[in-house]
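Here's the structure we're looking at; comments come further down.
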Amino acid sequence: MGKTYSLLLLFALFDLSDHTCENVQEQPEYDLLVIGGGSGGLACAKEAAQFGRKVAVLDYVEPSPPGTKWGLGGTCVNVGCIPKKLMHQAALLGSALKDAQILSLSALFLFHSCSSSLNVRLCCFLPNRKVKYFNVKGSFSDPHTIRGLTKGGKETILTAEKIVIATGGRPKYPIHVAGALEYGITSDDLFWLKESPGKTLVVGASYISLECAGFLTGIGLDTTVMMRSIPLRGFDQQMASLVTEYMESYGTKFLKKCIPTKVEKLESNRLQVTWKNTDSGTEETDSFDTVMWAVGRAPDTKALNLETVGVKTNSETGKIIVDAREATSVPHIYAVGDITEGRPELTPTAIAAGKLLAQRLFGQSSELMDYDNVPTTVFTPLEYGCVGLSEEKAVQCYGSDNIEVYHAYYKPLEFTVAERDATQCYMKMVCLREREQRILGLHFIGPNAGEVIQGFALGIKCGATYPQLMKTIGIHPTCAEEITKLHITKRSGLDATVTGC
Amino acid sequence: MSPPLLPSQLFLCYFTLFVVTLFFWGPDKVRRGLWDMLMYRSPAWSSQGVPAGPKKPPSELLGLQITLLCLGAVLSRAMAAAAYELLVLGGGSGGLAGARRAAELGARVALVEPHRLGGTCVNVGCVPKKVMWNAAVHAEFIHDHPDYGFETSGVRFNWRTIKEKRDAYVRRLNEIYENNLNKARIDIIHGYGKFTADPEPTIEVNGKKYTAPHILIATGGFPSVPPDSEVPGASLGITSDGFFELEELPRRSVIVGAGYIAVEIAGILSTLGSKSSLLIRRDKVLRTFDSLISTNCTQELENTGVEVWKHSRVQAVTKSPSGLLEVTVMSSAPGHKPTMEVIRDVDCLLWAVGREPNSKDLCLDRVGVEVDARGHVVVDKFQNTSRKGVYAVGDVCGRALLTPVAIAAGRKLAIRLFGGQRDAHLDYSNIPTVVFSHPPIGTVGLTEDEAIFAHGKDNVKIYTTSFTPLYHAVTQRKVKCVMKLVCAGKEEKVVGLHMQGLGCDEMLQGFAVAIKMGATKADFDNTVAIHPTSAEELVTMR
């Protein structure tokens, strides 16, 4: 009791605001409670712990409909970026081996070993004995209290002064397709399959869909992508069509303008998918071993019981509405990562936002997360990296007369000798047209796009202009150097193919 | 071969002849009119009332003089227009870039090249080197295939295949360069150009003389070999030039040198399966690089199976009856007694002990172009040599021996001479460089030691990281990635970036842009990472 009293006293010295006159609350156990042990949540918790605060993280993974579950670390580590990049790399090795024609599909097994080892690593560097971890499913019972339930139904009550919601999102299933939930899987399950998915249909045209279809093709599987309208919505559409064009030449099949209507299980255990081709108006059907839905992601806010505490969400998307400080409609409750409305669904933004939030909460910082010029890379067979505005967006913001687009079709040296087709190796830089020519966006398709674009993102963040880029000496022979040699404008109509040095 | 006259110049010549004919043998009235025009008066046929022209036509003698003068003036003007404005010695990266940019700006250009176009970079440098590096990277990936689930028994490597493809690609590039020159209406003069003792800087190629108000020396360099007097039998070895002529993968290679060329070739040969030894004079390779890089690179060479002989020098080379070489090496680590050892059955001894400029046979002394003790042409920041109207770019100047540097310097010079930008010159600071070692090295800006020297120890802050890239998370072969940021001053301006690891080659370029712009550590921190890449580590360093 004495301990509680002294803590209370200490607390009272600093902050009385939470103590209403008629009901002196018990001192919250934790300074910060983070719901969700993914990239954003863990980054925020770790940072807060560095300021010597008492921090707890709640993490609980609801099994996916087919029953896949995993441990701490969130989407990125378990069913997102990390296993996907490993598969992408396996696929690249696979296509490097195309001549050999000896593809073993045991590649998929590698996830288990690697994901679990990463899990362990994450757990190790999580606490430093400072962050307490609970494997419970948390929901609000009052603004400062979280009720946690273990898998066995045991209840834990945790109280905290400040709460961060970072429970992320999960893949959606289509609602009006019979058999979708019953027979289909999502990206949550793909990486944990015990055996090869075989002939696969991937439904959707998001980057997740294209990435998964890309590596499945790469490891030698018969893979089809079904898309309703355009690929990579939100990305530059010229680049998006180059990405899918390359995938087609790489062997991925595409069913364009098609909407699935039902999935049935055949006696052979295969799945028969029926869809409507909106172009021809006909109904078509084919059978697959696996059907994967990649039709978008949605947060699971229902279980959090947000209404009781008054945290506002967007009724359409279910995502939590936050301001520039990541604060929700309830002052001491914050949210970061995929669960927040209008933010990019990317690990590094969640991490950066989580860290900055902890610094503002406990480190006397006022620095806000800047969501402009966030670079990203789509790990399709030919990678696509970009930062800043798409050409469409730039035209929309500034008008086509006020922007200058420099572009080039180039041929990576590694493609030349191997006589690989480099038709889609393309880059473009969107600049303002006025004298300074500030760079608004940079788009790069080619090998190692992720590694290439990071440094340019830094330059663009610093306000790089076209002349500044031209002043930098190239590195010969690399693909990245082609960016510093861009000189053909789209406006000129000249041939943008790079010829020699 | 003198340059052909343009149609307009031809017309001018014929027109002059016509006028001259009229002057002598035309009707009187026309003759007098022409005379009036020569005397800057209105011709008689246009102004009737005014008494015009001399009473009688000029004497035949005077007419002849004037005519010859006119003819000479007109013809010499026509000839001058057809003569070259820029002569370029050397068809490598720097020469080609300078010539093409000058031609784009309207100059009449000729380029002198004794060999194939493209110079070192295309024929015996960056391009074929990178092709071989790619081959070696494939070999590394094949090691990892089982870890990624692929069965790859019976994969064999055939040196001849890649050599043929590489040679074909290089020949294609030679053609592309030739086409580019033709398209730009640049004359290619095949042969070796030398300066003559004429009063104006003049080049002689195959006995024919050429001159131009601007002459660019871009003759590059060549790999050096110690003289046999210094190392008996040294000439039995090859250089990087010879590396690209090898028809088979050597079984036993000895590479001498600690520079980037030695490191790259040792890495390629070793990775492709040649038992390789690298002989270095001190204890580390790449000693001019940041200590992190030179230490790590030495380590990685040893990890990949290259035998690194430290504190070692070649004493002698002999050829055994079997045709293989025996290399006698003296190793003398400080504090140890020197030891002598012989490496036997060597089928490839490769010297990578530096490069020398191609300046000796140019007869530069005849025009007073100054060279330094090692033969490098001395230039100022505008690429001017000590002789007016003579310039030099690229490896022959001995500074930053890199293709893109030569290209940029050549273009800047052309812009200065023919583009009206009198101040155009190349900024040699913050030039990014990649070494295609295994794994590749990327570096830009100051090393830690240079930064401390320039800014003082207290004003330099270093950030380093070392990690295993995701690619190696599932492989038995582990190759780490190391990175270092060198920051200076209170604002922590990033003045140097040094890294070695998978992907560092493609990673560097964008960071070089930012560092050139003066990015600070805070700017790095404010850049959102791209996950999962290795490059993201650079913006998440603490």
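Glycine residues also receive a Cβ, built from the backbone N, Cα and C atoms like all the rest.
Here TrEMBL flags B:6-25 as transmembrane segment.
Marked as domain 'FAD/NAD(P)-binding' by TrEMBL: B:85-410.
The number of other Cβ atoms within 10 Å of the Cβ belonging to B:C126 (disulfide bond), over all protein chains shown, comes to 22. If you look up TrEMBL, you'll see B:C121-B:C126 marked as disulfide bond.
Residues within less than 8 Å, Cβ to Cβ, of B:K130 (FAD binding site) and separated from it by at least 6 positions along the same chain comprise B:F436. Sequence annotations record features per position, and here TrEMBL assigns FAD binding site to B:K130, B:G193, B:D395.
Among the features that TrEMBL reports, NAD(+) binding site is placed at B:G257, B:A258, B:G259, B:Y260, B:I261, B:A262, B:V263, B:E264, B:G354. Under DSSP, B:I261 (NAD(+) binding site) is assigned to a helix (H, G or I) in the three-state scheme. Remark: B:I261 (NAD(+) binding site) has B:P223, B:S240, B:A352 as non-local neighbours, by Cβ distance under 8 Å and separation of at least 6 in sequence.
Here TrEMBL flags B:431-541 as domain 'Pyridine nucleotide-disulphide oxidoreductase dimerisation'.
The active site, proton acceptor annotation in TrEMBL covers B:H531. The 10 Å shell around the Cβ of B:H531 (active site, proton acceptor) contains 23 further Cβ atoms across the protein chains shown.
Following the DSSP three-state reduction, the secondary structure of B:G354 (NAD(+) binding site) is coil. Across the structure, B:V263 (NAD(+) binding site) and B:C126 (disulfide bond) place their CA atoms 14 angstrom apart. Other than the site residues B:G257, B:A258, B:G259, B:Y260, B:I261, B:A262, B:V263, B:E264, B:G354, same-chain residues with C-beta atoms no more than 8 angstroms from the centre of those residues' C-beta atoms, the NAD(+) site, are B:I265, B:V285, B:L286, B:A352. In three-state terms derived from DSSP, B:D395 (FAD binding site) belongs to a helical segment. Proximity to chain A (Cβ-Cβ under 8 A) holds for B:C126, B:K130, B:H531 out of the recorded positions B:C126, B:K130, B:G257, B:G259, B:G354, B:H531. With a cut-off of 8 Å between CB atoms and residues at least 6 apart in sequence, the same chain places B:L87, B:L89, B:V112, B:I203, B:E204, B:V205, B:Y210, B:L362 near B:G193 (FAD binding site), listed in sequence order.
Its own atom aside, the Cβ of B:G354 (NAD(+) binding site) has 15 Cβ atoms within 10 angstroms in the protein chains shown. Secondary structure from DSSP puts B:G193 (FAD binding site) in a beta strand.
Between the alpha carbons (Cα) of B:G257 (NAD(+) binding site) and B:C126 (disulfide bond) lies a span of roughly 18 Å. When the alpha carbons of B:H531 (active site, proton acceptor) and B:G259 (NAD(+) binding site) are compared, the span between them is 34 angstrom.
Taking the C-alpha atom of B:C121 (disulfide bond) as reference, the shortest distance to any of the binding-site residues B:G259, B:G354, B:D395 belongs to B:D395.
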